[in-house]
Amino acid sequence: MIIEPRMRGFICLTSHPVGCEKNVLNQIEYTRNQGAIAGPKKVLVIGASTGFGLASRITSAFGANASTVGVFFEKPPSKGKTATPGWYNSAAFQKEALKSGIYAKSINGDAFSDEIKQKTIALIKKDLGKVDLVIYSLASPVRTNPKTGVTHRSVLKPIGQTFSNKTVDFHTGIVSNVTIEPCSETDIENTVEVMGGEDWKMWMESLMEADALSDGAMTLAYSYIGPQVTEAVYRKGTIGKAKDHLEATAFEIADMLKHINGNAFVSVNKALVTQASSAIPVIPLYISLLYKTMKEKEIHEGCIEQINRLFRERLYTTSREIPLDEAGRIRIDDWEMREDVQNKITELWEQADTSTLSDIGDLNGYKSDFLNLFGFGLEGVDYLEDTDENIQIDELV
Ligand code: NAD
Ligand code: NA
């Protein structure tokens with residue numbers, strides 16, 4: 001069939017298998033062009049199908065020649081309906097890995113459940129024995145806690161006071177004011193349940209118990225800090241509480257991994273266009289100003305550039321010393337947070353309105369990145385060609 005983007009609000013209902021494949025091929029090519037990494041050998045990526053997790057899987061496999069097990073939660077194609085982008089991304093990844101003789105297997109299911117943890121660990125035990133790197137890159141609005149059976153939903157709200165600031169509808173370019181009422185106490189608890197560190201710790205405990213971590217194994221989860229304009233709704237809001245919890249959990253996991261000479265870190269990454277970040281008010285306006293500023297300064301990065309830098313300049317350097325900030329975190333948001341970048345954005349923020357944004361912000365870059373997430377608007381893809389949506393994933397366990 002001919003597949004076109006079908007937008008509904010902040011999501012796109014369709015995705016293009018050939019475009020998603022092209023996205024993956026571009027990331028593989030970028031990684032290969034950077035040269036080989038003396039990096040991990042056997043890697044588990046939880047949240048491996050899109051965004052930072054996919055980039056981590058590609059960097060491990062095609063940068064370090066590592067075997068990877070990827071876990072994700074994606075919808076397969078059904079009659080006349082396309083799959084979610086992460087499904088097609090994973091199909092393309094598996095195909096390329098197989099072609100290159102790199103071990104790769106994938107599991108599609110709820111990573112928060114005991115069942116998927118056990119299934120994944122059984123696969124690791126059978127095929128790889130142990131892993132030396134575990135990347136935790138889940139982004140989800142909902143989690144059922146396997147211990148209590150309670151389903152929690154995260155919210156994006158300020159804490160204690162009403163938040164009001166500019167935002168943009170990136171489809172129309174209209175800048176308006178958004179007001180968000182403060183959260184309740186249960187909103188905080190629920191958001192921490194979903195996006196905090198409890199599930200990461202459960203994964204690491206289960207892997208440890210099963211003796212599936214090699215000596216010196218490392219685990220990493222991703223966090224975000226961001227600028228002052230988004231602070232009330234992001235880092236000092238409900239999601240920020242979850243990130244605080246995630247960062248605190250890194251130290252607990254690190255303690256546990258000491259017995260095998262292992263370690264656990266949080267890496268603070270740059271703001272990027274993903275399905276998740278597009279739904280957060282104010283963030284799209286900030287990202288469009290950020291992209292413009294970083295592109296002008298020639299320091300703009302996407303997920304794959306970020307993760308390659310993480311592996312090459314933080315995790316697997318020749319000295320093997322990992323540079324950390326005062327709170328013990330890895331920072332690859334260093335270029336985003338540079339003073340000249342942030343000062344410029346503060347200046348632009350004042351000027352931003354519907355008439356100025358197309359000049360002072362990178363609205364087009366935002367839109368094209370958003371479409372790219374779903375496999376649309378990629379160079380070298382013929383979107384008028386009849387396309388098979390019914391693509392399956394090799395080595396799906
Ligand atoms: P994403 O939406 O692109 O990826 C989420 C991944 O999680 C996908 O592979 C998806 O299949 C998987 N997933 C979701 N629910 C699942 C479930 N129940 N079981 C199994 N898999 C599930 O998100 P992303 O932007 O790459 O975010 C990954 C991490 O990076 C998050 O912790 C996020 O906060 C962090 N981060 C994001 C940004 C940003 O700007 N996007 C910046 C810094 C840090
Ligand atoms: Na991810």
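Cβ atoms here come from the backbone N, Cα and C positions, even for glycine.
The active site, proton donor annotation in TrEMBL covers Y234. The secondary structure of Y234 (active site, proton donor), as reduced to three states from DSSP, is coil rather than helix or strand. For Y234 (active site, proton donor), the Cβ neighbour count at a 10 Å cut-off comes to 25, with all displayed protein chains included.
Counting every protein chain shown, the Cβ of L138 (NAD(+) binding site) has 21 other Cβ atoms within 10 Å. Residues annotated as NAD(+) binding site in TrEMBL: 47-52, 73-74, 110-111, 138-139, K243, 272-274.
Here TrEMBL flags Y224 as substrate binding site. Y224 (substrate binding site) falls within neither a helix nor a strand when secondary structure is assigned with DSSP, and so counts as coil. Long-range Cβ neighbours of Y224 (substrate binding site) (same chain, at least 6 residues apart, Cβ-Cβ under 8 Å): Y234, R235, K243, V268, N269, A271, D333.
If you average pLDDT over the domain 'Trans-2-enoyl-CoA reductase-like NAD(P)H binding' (2-78) in this model, you get 97. If you look up TrEMBL, you'll see 2-78 marked as domain 'Trans-2-enoyl-CoA reductase-like NAD(P)H binding'.
According to TrEMBL, the feature domain 'Trans-2-enoyl-CoA reductase catalytic' maps to 81-316.
Look at TrEMBL and you will find 324-386 tagged as domain 'Enoyl reductase FAD binding'.
For E74, the entry in TrEMBL reads site 'Plays an important role in discriminating NADH against NADPH'. Secondary structure from DSSP puts E74 (site 'Plays an important role in discriminating NADH against NADPH') in coil. A C-beta separation below 8 Å, combined with a sequence spacing of at least six in one chain, links E74 (site 'Plays an important role in discriminating NADH against NADPH') to S49, A83, T84, G86, W87, S90, N108.
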**OP:** Compile a sequence-ordered list of residues in the same chain as G51 (NAD(+) binding site), six or more apart from it, whose Cβ lies below 8 A from its Cβ; state 'none' when nothing qualifies.
**Re:** S137, A139, L272, T274, Q275, A276, C303
Subject >> Per-state residue totals over the domain 'Enoyl reductase FAD binding' (324-386) - DSSP helix, strand, coil >> reply: 28 helix, 2 strand, 33 coil
**OP:** Can you see whether DSSP assigns K243 (NAD(+) binding site) to helix, strand or coil?
**Re:** helix
Original post:
For G51 (NAD(+) binding site), which DSSP three-state class applies?
Top reply: helix
